[in-house]
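So that you can see what the record holds, here are the features copied from Swiss-Prot:
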type	residues	note
BINDING	GLY94, GLN95, THR96, GLY97, SER98, GLY99, LYS100, THR101	ATP binding site
COILED	480-542	coiled coil
COILED	698-1057	coiled coil
COILED	1109-1211	coiled coil
DOMAIN	15-349	domain 'Kinesin motor'
MOD_RES	SER898	phosphoserine
REGION	356-382	region 'Disordered'
REGION	358-479	region 'Interaction with DLG5'
REGION	358-1206	region 'Interaction with SMO'
REGION	451-483	region 'Disordered'
REGION	513-775	region 'Sufficient for interaction with NPHP1'
REGION	611-639	region 'Disordered'
REGION	1219-1238	region 'Disordered'
REGION	1310-1343	region 'Disordered'
Amino acid sequence: MGLEAQRLPGAEEAPVRVALRVRPLLPKELLHGHQSCLQVEPGLGRVTLGRDRHFGFHVVLAEDAGQEAVYQACVQPLLEAFFEGFNATVFAYGQTGSGKTYTMGEASVASLLEDEQGIVPRAMAEAFKLIDENDLLDCLVHVSYLEVYKEEFRDLLEVGTASRDIQLREDERGNVVLCGVKEVDVEGLDEVLSLLEMGNAARHTGATHLNHLSSRSHTVFTVTLEQRGRAPSRLPRPAPGQLLVSKFHFVDLAGSERVLKTGSTGERLKESIQINSSLLALGNVISALGDPQRRGSHIPYRDSKITRILKDSLGGNAKTVMIACVSPSSSDFDETLNTLNYASRAQNIRNRATVNWRPEAERPPEETASGARGPPRHRSETRIIHRGRRAPGPATASAAAAMRLGAECARYRACTDAAYSLLRELQAEPGLPGAAARKVRDWLCAVEGERSALSSASGPDSGIESASVEDQAAQGAGGRKEDEGAQQLLTLQNQVARLEEENRDFLAALEDAMEQYKLQSDRLREQQEEMVELRLRLELVRPGWGGPRLLNGLPPGSFVPRPHTAPLGGAHAHVLGMVPPACLPGDEVGSEQRGEQVTNGREAGAELLTEVNRLGSGSSAASEEEEEEEEPPRRTLHLRRNRISNCSQRAGARPGSLPERKGPELCLEELDAAIPGSRAVGGSKARVQARQVPPATASEWRLAQAQQKIRELAINIRMKEELIGELVRTGKAAQALNRQHSQRIRELEQEAEQVRAELSEGQRQLRELEGKELQDAGERSRLQEFRRRVAAAQSQVQVLKEKKQATERLVSLSAQSEKRLQELERNVQLMRQQQGQLQRRLREETEQKRRLEAEMSKRQHRVKELELKHEQQQKILKIKTEEIAAFQRKRRSGSNGSVVSLEQQQKIEEQKKWLDQEMEKVLQQRRALEELGEELHKREAILAKKEALMQEKTGLESKRLRSSQALNEDIVRVSSRLEHLEKELSEKSGQLRQGSAQSQQQIRGEIDSLRQEKDSLLKQRLEIDGKLRQGSLLSPEEERTLFQLDEAIEALDAAIEYKNEAITCRQRVLRASASLLSQCEMNLMAKLSYLSSSETRALLCKYFDKVVTLREEQHQQQIAFSELEMQLEEQQRLVYWLEVALERQRLEMDRQLTLQQKEHEQNMQLLLQQSRDHLGEGLADSRRQYEARIQALEKELGRYMWINQELKQKLGGVNAVGHSRGGEKRSLCSEGRQAPGNEDELHLAPELLWLSPLTEGAPRTREETRDLVHAPLPLTWKRSSLCGEEQGSPEELRQREAAEPLVGRVLPVGEAGLPWNFGPLSKPRRELRRASPGMIDVRKNPL
C-alpha cells in the first residue's frame, strides 16, 4: 500500500470472485443437538438456506473441504496473477466464530501439520518456491502487518508506532498509500511466519460467549513483490528501466456480533460497536458496487478505515477473492442469511486490474543498498509445505517445462562446479586409494572434456570455467560468429536433451515413490477410519454414552485457537495433560464428522471393545517403551500431551469393568435405546463420531516436530557461525589497532614525561621569579606568561592521561572479543549436539512408524473377524429391539383400552408406596452392608498400624535387652579386674615391707598407679549399677519413642475393641434385617402375584416413568460435565499453543539477539577502522609538527648565520679603525689594555642585539634555551677577526680572551629573563633566506 503503481491504459476487467465455505458444527452445538440449516451442492456451486432460499457462488466448499482445497480453489490463481504484476486481495467475511481466521491461516502459523496450514503460509511457501525455481528473476519481497482496532491503526510489526503516525492517503493517481507502516524485507518462509507470529501475539483478541478467542480487530497482511531483470517467458518482460511491482493483501475481518448472543459488556461492548459499524460501512460499499442501478453513484469508501484500505480491492486496481465463511447451525440462521446476501451482491462488483510498472529510478536508496548486498540464502531452508502442484494448462505447459529445465540446468552446473573443485582438492591428498584416485581422475577428465567442448559457450548458463566477456567478444569477432553460434546451439540442445532425459527418469521415480506413499497413506487412513467407526459403535452401545466418551468423540480439531493476546513477560504456563493439535484427527475449524446413531446392547459390544482396546493398549505400550528412553521430564510432558498413557489406562480398565453375561438378557439399561427423548435435551438427532488418536498420527506429529526443530536449529547455527566470523574479523582488527595503540601509548608516555619535566622546571623558575623582587613591568609580564604556560602544561598532562585511559579501554576490546568468541563457540557446539540428538530421535521415530504400519496391517485381519462377530450380535440386538417395541405397543394399547377407577388408582398408589418402602428397606440394607464393609476396612487398617507399632516396639525392647546383657558383662569384667588389682596390691605391700629403700620408692609408685586404676574401676562399676537400677538402657530419644509406642498401642487396642463392638452390633442388626428382608421378599412376591394385569401394567408404567426421569437428570448432568470437559480441553489447548508461541519467541529472540550482536560487531569494526584512521591522522599530524619545527629551527639557524656575518663585518670595521690610528704597535696594544671596556662594548653590542629578540619570540623548550644560552661561541666567531691579518697576533688574541669573560658574565644575566620555551621567530622575508651548505662552508672557512 505504500507503493505507487502506474496504471496502464489496457486494463483488464476482473470480477470479484466469491467463495463460500461452510464450517462443520462445533462440539458444543452437537452436544446441544443443533440442526444444520444449509444444504450444500459443491459441484453445482449452489447452497440452500432453509427450504426455499437458494444462492449461487463461484466456489462452494462443503464442511469436509480441507485447507488445501480452499487454497487451490481461491488463492492459487491469485498467486499466478501476483507474479504477473497484478495486485491481488483475498479477504474473509462472516460472523464471529465462522472460521475466518482459521481459513486465512493466521491461527495455525505454529502448526506442524500440512493439513492445518491456512492460506497465508501456503501462499508464501508457494511464492518462495517459485522464486527459488526461477533463478533468472531478481526479486525483492517485503511484508507489512497492519491492524485496525477501534478505527485506529496499529502496526503489528512495530508496536511502538503511535496511531497518529500512520496515515492513509491517496496520491495523484488515486492509489491508496499508507504512510508510517513498517515494511520488512524477507528472504524465506521462516521469516514470514516469525513476523506473523509476532504480529498475532500483539493482535487484539478476547473471549465472548460464542468464541473463546474472538478477533477484536481487522488485520491486513500485505506482501509486496518487486521484480527486475530478465523474466521467464510466461511472465511479462520488464522494459529497460522499469520495475514490476505487485501487492498481495490478506485481509482478516472481525466477525459481526449480536450483543445479546455474545454477552459483551464494558470494553468488549465498545469493541463490538466499532466492529459492527465498520462492517456496516463495508456492507454499504459492497451494496453500492454490486447494485447495477447504482453504478456511477457515490461509493462511501470514507465511512470507515477498512473500506478505505480496500478501495483498490473493491472496484479498483486488483484481482479480488472474497471468502464468505458461514455457520450451518440453525441458531445462526439470521447471521448466515445476512452473510449470504452480502456475498451474493459482491459477485456483481467489477474491478479494473492492470499490470503495475514503476520506473527504476523511483526505487529508494535503502532498497538499492539492500538489493546490492550478497546473494541471499536459499529459501529451501524454510518450512515450505510440500504438496501437489496443479497441472499447467496447454498454453503454458511448454513454457513452464522450458523454465524448469533451465533452472535444473543451472542447478546441475552449479553442483558440477562444486564437485569439480572438491575433487580437485581430494586428488591432491596423498592418502587417496588407487581405485578411488582412478575414478576421480576419470571424472575430472570427463568434466574437462565437456568444458573444452563448451569453452565457447560462456554466460550465466555455461559450464565450468567459462570464458570471460572479453574472450566472448574475441571469439565472436569475424566471420566465424555464425558457425560458432550454430555449434553452441547444437551443443546446448544435446545437453538439454540429455538433462531432459535424466529429469524424466527422476520424475518417473519420484512419481512412483509418491504413488506408493499415497497408497500406503490411503490404506493406513482407511484402517484408522474403520477402527474409529468400531470405537464409535462400541461407545454408543454403553448406556452412559455421554460425558467423557462424548467428549472424546468430538474432534479436538474444533478447539484449535488463535494465539491469544498475552503479556510479553507473562509467567510460565502450567503443563497440563492434553492432546497436541498437530496429532488430532480434526480436519478444519471444528471439523467433526457425524456418525450414525446406532442402538446396541451392552453384551453385543463387550468382546469387541475388549479386543480393540487391547490392540490400542499394545500400540500405546510400544510408544511408551520408546519414550522411556528419553529424559523423564521430556517423556512425562510428551506422554501428557499425546495422552498415550491415558488411552492405555482406559484400555486396561474397561474390559475388567464389564460383567460377563451368558445370554441376551433384557435389562433396564438396554431400554434406553427405545426410550424416546432420553438421548438429548434439545433434540434426538445429535450425531457424534467418536475418534481416538491413532499411534501413527502421533508418530507423524513427532516426526514433523523433530524435523521443524532440526530446521530451526540449523538456521540458528548458521547465524551463530556468521556471528563468529564477525567476531574473528573484529578480533583481527582489534589486534591491529592494539599494536598501533601500544606504540601510541609509548609515545604518549614519553611525551608526558617530557611535559612533566618541563612543567617541573617551569615551576622551579616560577618560584625563583616569585622569590625575587620584581623591578619592572617586563618581569611581571614574564611571570604571568610563566603562570599561563604552567597551567597550559598541566591541562596538557590531564589530556594525555585521558587519552591513555581511552587507549587502554580500546586495548581491552580484544580480550572481550575473545571471551565472546569462546562463548559463541560453546553455544554452537551445544546446538550441534542438540541437532544430533534430534536426528537420532528422528531416525527412531521413523523406525517406530514403520513398525506401527506393519502392526496395523496385522491388526486389520483381527478387525475383520470382529466385524463378522459384530454383525451377528447386531442381528440379536435387532430382535430384542423389536420385542421391546412390541411390548411398548402392547402396553400403550392396554393402558388406552382399560378404564381405571378411583379406588383402583388409590390402591395402586398404596401399592406404590409399599413398594417404595420395600425399596427403601433394601437400600438401607445395602447402605448398612457398605458401612459394615467400611468398618471392616478401618479395622484392618488399625490392625496393620498396630502391627507396625508392635514391630517397632519389639525392636526397641530387643535393643534394651542387648544393652542389659552388655552391661552385665561389663560388671563381671570390672569385678574380675578389681579382684586382680586387690591381689596385686597385697603383693606389692609385702614387697614394700621387705624391699630396700631404693626398691621401696619404685614399689610405692606402682602401688599408687594400681590404686588409681582401682578407683576408676570402682567408679565405672557404680555407674553401671546405677544404670541397671534405673533401667536407663536406651538413649532418651529411644526411651521417649518406646513410651509413645506404648501409648499408641494402648489407644489402638481401645479403638480395635470399639470397632469390634460396632461390627458385632452391625452384624447382629444385618442378620435380623436379612431375615426380615427374606420375609418381605416372600410377601412382595406373594402380593405381586395377587395383582391383576392392569394393576401390574399401571405399577410398571409408574416405575418406568420414574426411571425415565432419573435418566433425564443423569443426562443433564452428563451434558454439564461434558461442557466442563470441553472448556478444560480448550484451556489445555490454549496452554499448548502458548507454550509453542513461547518456544517460537525464544528462538526468535535468540535470532534477533544474534543479528544485533552481528550488527554490533560490524559497528565495532567500523569504529576500529575509524580509530585506526584517526590514529594514523594523529601520527601524520605529529610528523607534520616535527617537520614544521625542523623548518623553524633551520630558519633560525639561517638567521643566526646572518647575524654572525653582520658581527664579522662590524668586527672587521673595528679592526680597520684600530690600524689607521697609528703605526706604533705597542701604543696600540697599551691603549687596548687600558681601555678594554670600550672594545668589549663594541664587541658585545651586536651580540646583545641578536640575543634580545630571543626573549620576544615564541616559547621553546627549556633544554633548547639552556643550550642556546650556555653554548660556547663558534670557532668561526673567534677566527673572524683574523680574516684580514695574521692569525698569530697575540694582542688580538688577548683582546678576544678579555672579551669572552664579559660575554660569559652578560649571558647569565639574560638567562633569567629568557623564556623556557621558544617558538618560531617573526623575521622579515629577506631574513628567511636559507643559506646553502656551500655558503656555510665558505663562511666557516673563508680562506
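Glycine residues also receive a Cβ, built from the backbone N, Cα and C atoms like all the rest.
According to DSSP, GLY94 (ATP binding site) sits within a strand segment. LYS100 (ATP binding site) falls within a helix when secondary structure is assigned with DSSP. Counted within 10 Å of its Cβ, the other Cβ atoms near SER98 (ATP binding site) come to 28, all protein chains included. Taking every protein chain shown into account, GLN95, THR96, THR101 are the binding-site residues, and of these the Cβ with the most other Cβ atoms within 10 Å belongs to THR101. Here the binding-site residues are GLY97, GLY99; the one with the fewest Cβ atoms within 10 Å of its Cβ is GLY99.
For LYS100 (ATP binding site), the number of other Cβ atoms no farther than 10 Å from its own Cβ, over all displayed protein chains, is 27.
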